[in-house]
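*Asks:* Taken from TrEMBL, the feature domain 'G-protein coupled receptors family 1 profile' applies to 26-278. Residues or ranges marked as transmembrane segment in TrEMBL: 12-33, 45-69, 89-110, 131-151, 183-201, 222-243, 263-281.
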Amino acid sequence: MPVLWSLLPSQTLFLITIIFFLLYDGTLLGTVIHKRFFKKEKGPFAYIVYMTSCGLISKVSILFMVVAWPIVEFLNIGYEVYRQAVGELVTLIFTFSYLFPMFISLLMTIHRIVIFVTPMKAARFFNEAKLLIYSSLIAIVILVWLLIPFYSDCTMNFKALTSRLESACNPERHPITLFQNMYLIYVPFGSVALMVVYLVVRKFSNKNGSDTTNHQVKRETAMIRQVSFIVIYLSVYELIYLHLRWFPEHFESFPIEIQSMSYMLRLFAIASLNFMVYFVVTKSTRRLFLNAIGWKESNKVGVTAVSASVT
């Protein structure tokens, strides 16, 4: 199978951006771990650790899924040989690293609501140990959920040339895969629905006599932006995939370059999630990252400042 050299510019740009986001996640993760465990600083760092750890895994998986295609063809290994050797495992790892942040964002939303409803109990229900338990349970459930079809006759394997996840029992799908394809998109939208309800209730409670400081207003604004970015970015992957599933003939009518670039766009949305949430949106983590790379505070960053707690 010949390498499509027309895709080389987009593949190169995609590789550069993935490596950039990979370095960002690694730097932020290392900085947070250093501050928490070596400097003994306190703060809600748990979510950053989970999100950036998954971000690192997803980006490495993306490199194996997409960028490896022209490389193995150039080396005359053969893409199909490579895909049959490691494709199913890489697809499993990537899918896990995609699903985990989606449910962590839901946990983050519930956490904020509990803080509002019962602030005294929130500290007990959502301390670092409890967050580790909740996140571990989420990870275990997702992993078991994915391993069932993985060890069936309908395991999924990504094919870069068609920008699709193909089933070993094609055109059939495992029931779990079908359920996931149909209902997964409601998870990020459920998160934003809960956040909207929270903000509406919070607004009316403030009107009824609660004092709202300027800092609280900025934090609520940051919450909206964080959840909006998470929902938009995670939904891009699902929405484009819906088009592919519902109108496969229309998608296949596009040149293969367009098909490949559409999947790169979906993967870019996932890869850039942490950068958008923790650098563009959240001022505290942006400052944390800039300090880690030696950026002086006197330097100006061309990003609108948003005060927010580290989440």
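A Cβ is built for glycine as well, from the same backbone N, Cα and C atoms used for every other residue.
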*Asks:* Are the transmembrane segment (183-201) and the transmembrane segment (89-110) close enough to be called in contact, which here means at least 3 C-beta pairs under 8 A that are separated by 6 or more residues?
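*Replies:* Contact criterion met.
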*Asks:* Find the average pLDDT over the domain 'G-protein coupled receptors family 1 profile' (26-278) in the predicted model and report it.
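*Replies:* Result for the domain 'G-protein coupled receptors family 1 profile' (26-278): average pLDDT 83.
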